[in-house]
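First up is the structure itself, then whatever we jot down about it.
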């Protein structure tokens, strides 16, 4: 086998593009003569050698799927070995010299020294590199999100240990605490995202993780309603920017088609947390009486200390970019020069807009307003606000509901585990097929249809229903395939620029928090224990979500047809002139199409 470090791999008889005659152009690095000739007006001006070179290169750059998804290698059946020597480099704007000059990375782009449009590599090189990224980046994100959800969600386990009664709080106080947390979380999202873009996620994320862990462990000393609300507000402020910051960080390493499944793994850590947290609580809550303190106090303290260690560890684990992995404690870095070339060029070939900013560049404060005015992303923001509402209150009140229908503290915690295990599997499956089938709306509607009969069952169940029957309904309902990770990838893809993507991720998550504030106040104290009125609201929201998804798909189909009509009406020269002179950016560009 040819050494990829020394020679470019070939497909059959086709010569490697790097071996073709080349010349310097304004497009940046070397561009092949074949790609230049492909833009000339009329084949009569092309000599035979140029035509042959162009055809060979076009054959070599036909878009191909990986022979096996890296993350699925553990499940691949034995059989013929896939052709890992096949070319993996995907076609892009950089293969056309006349077009490429409009997509050059900015001079301060941190990975510019590894940018090379002529670079080619095989699947045998790319797939192991993606695996390495998953171990170093995706795994960190998984553990960090586990820490986030452990500190923001352990109040659910505390509730089973008479937390409200010990502090003299009511159900409405609990709702107010959730509202304060979500409102603080919402308000912190965009400022945190802007700070992260200026300082870099690798600096900002560990900082806020350490700070919120200190607040979380300080809940050991809660004294009443005021301190409870103050801690919920501080936790929300410090945790608010974490999710969009991590999404931005992951986008530095993964292509748009790879990001949704990584985000699904990211959100699976939430399910894992909700699975393991009751087991932790099963032991920690038994510390009630130790040194005269309640069990829930020890729960907050010990889990807060754990997440503090995760925050400190993140300082040494996160890196600034694919080409900035060396440090005083890791002088060798993560990647070889060849791996850095592959990473940078595979990312830019997939999305050239990622070279528009460097990773320590602040976003203009005018951009949030400009992003809010981008009406094409508003359907996704509306979906973010609405889609979780039908399952939100049953999820938030699960342990309390289980206590109210007769289960004890420890059984209520353990019985919350099945929904999280099944829910993690269904979410991963939904997100995986959204990319395999390149569809989003129909799969998201499937999730809402899953919820519908279960919400109806909650509404119709008699008051005297057996505890296990209600538990079964709640388990099936909360095991629904969440479209959250798919939505985030969808929003990122439809943003089309780093600047817009940075803000839209925060705005989307802010709308999710608005939805959280809404569903935190649907189950009220005067409606307990069966929450008939609240469940009628959930049913209405469930049906409304299906309609919203259908309208969103119709809207994006219509917008794509509008863009296509205007774009095809332009001649080749007019299209090139548009790309050179247009002030349109992001999703406003005529050559961009919305995913749906």
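Residue 1 is the first one shown; counting continues down the chain.
Quick reminder: no glycine exception, Cβ is built from N, Cα and C everywhere.
Whatever TrEMBL says is automated annotation, not expert-curated.
Annotation source TrEMBL lists region 'Disordered' at 1-46. Taken from TrEMBL, the feature transmembrane segment applies to 204-222, 234-252, 264-285, 297-316, 378-400, 412-433, 439-461, 506-525, 537-558.
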When counting Cβ pairs under 8 Å to the transmembrane segment (537-558), the leader among 204-222, 264-285, 378-400, 506-525: 378-400
Tertiary contacts of the transmembrane segment (506-525), as residues 6+ beyond its ends and Cβ separation under 8 Å: 170-172, 175, 178-179, 182-183, 185-186, 189-190, 192-193, 240-241, 243-244, 368, 371-372, 377, 380-382, 384-389, 392-393, 396-397, 484, 487-488, 491, 531, 533-534, 537-538
Two-stretch contact, the transmembrane segment (378-400) and the transmembrane segment (204-222), at least three Cβ pairs under 8 Å: no
Folded-back contacts onto the transmembrane segment (412-433), same chain, C-beta under 8 angstroms, at least six residues removed: 156-157, 160, 260-261, 263-265, 267-268, 271-272, 274-275, 278-279, 281-282, 285, 395, 398-399, 402-403, 443, 446-447, 471, 474-475, 478-486, 489
Cβ-Cβ under 8 Å with the transmembrane segment (439-461): same-chain residues at least 6 beyond its ends: 383, 387, 390-391, 394, 430, 433, 469-470, 473-474, 476-477, 480-483, 486-487, 490, 530, 532, 535-536, 538-539, 542-543, 545-546, 549-550, 552-553, 595-596
